[in-house]
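Since the structure comes first, as structure tokens, the remarks are kept for the end.
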Protein chains: 2
Amino acid sequence: MFDPATLKFDAAGLVPAIAQDHSSGEVLMLAWMNAEAVAKTLDTGRVTYWSRSRQAFWVKGETSGHLQHLVEMRVDCDRDCLLVLVRQEGPACHTGRRSCFYTSVRDGDEVEIMAPE
Amino acid sequence: MFDPATLKFDAAGLVPAIAQDHSSGEVLMLAWMNAEAVAKTLDTGRVTYWSRSRQAFWVKGETSGHLQHLVEMRVDCDRDCLLVLVRQEGPACHTGRRSCFYTSVRDGDEVEIMAPE
């Protein structure tokens, strides 16, 4: 039986959660979850983070429509990080790009490798 | 010109760094870097973290031989998280498994989905 309370949360009660596209393998974003966000994500199948800036639950895509549907949740060996495999509707990034990791460091310079959709 | 000092570090001076296998797309682990670890990673091509438990630089694989060779570093939209695409020698996880994310939550239970290599 998986109990979110058994995860190792940081001083703020959070763990980082990496969202990965379940079919392409693309890493989409990293955000944070507290124990209740983990439980909500598992219960609803909609990936739910804890917004550190707003100090509130953040159902990804609730306002934008760019929902993340949970395919599978994984826990790492130290139990202090999660990997969520998702089916992403629309872009994951608030800039309109598929992934938040659209800036690459190449030969010492920053290069944008992905355009808004 | 990319300057590691322009990243948004947390109160401890760290950003989370996700290591992903550059060819398979598998997410291998998450660890932490400070500005100097970012610079060392770029300079040496060997992924170098900051060990929070040891409070020291951690050249991944330096003792185990399971090095991570940097293929590409990416910065996220908020500049507070890194994605490092790597060529991983041997297993990434200290348990001998390819990835640290070998535990899946399925139907409310924890299931081990990957054996040590």
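Positions of Cβ are set from backbone N, Cα and C atoms, glycine also.
So that you can see what the record holds, here are the features copied from TrEMBL:
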DOMAIN    B:29-102  domain 'Phosphoribosyl-AMP cyclohydrolase'
BINDING   B:ASP76, B:ASP78, B:ASP80  Mg(2+) binding site
BINDING   B:CYS77, B:CYS93, B:CYS100  Zn(2+) binding site
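Location within the structure of each feature annotated in TrEMBL.
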residue : record              : contacts (Cβ under 8 Å, 6+ apart)
B:ASP76 : Mg(2+) binding site : B:LEU82, B:LEU83
B:CYS77 : Zn(2+) binding site : none
B:ASP78 : Mg(2+) binding site : B:LYS8
B:ASP80 : Mg(2+) binding site : B:LEU7, B:LYS8, B:PHE9, B:ASP10, B:VAL15
B:CYS93 : Zn(2+) binding site : B:LEU28, B:MET29, B:SER99, B:CYS100, B:TYR102
Check your understanding: What mean pLDDT does the predicted model reach across the domain 'Phosphoribosyl-AMP cyclohydrolase' (B:29-102)?
Key -> 98
Point to revise | Summary of DSSP states over the domain 'Phosphoribosyl-AMP cyclohydrolase' (B:29-102), given as helix, strand and coil counts | key: 10 helix, 29 strand, 35 coil
Exercise for review: Using a 10 Å cut-off, grab the number of neighbouring Cβ atoms around the Cβ of B:CYS100 (Zn(2+) binding site), all chains included.
Suggested key: 25
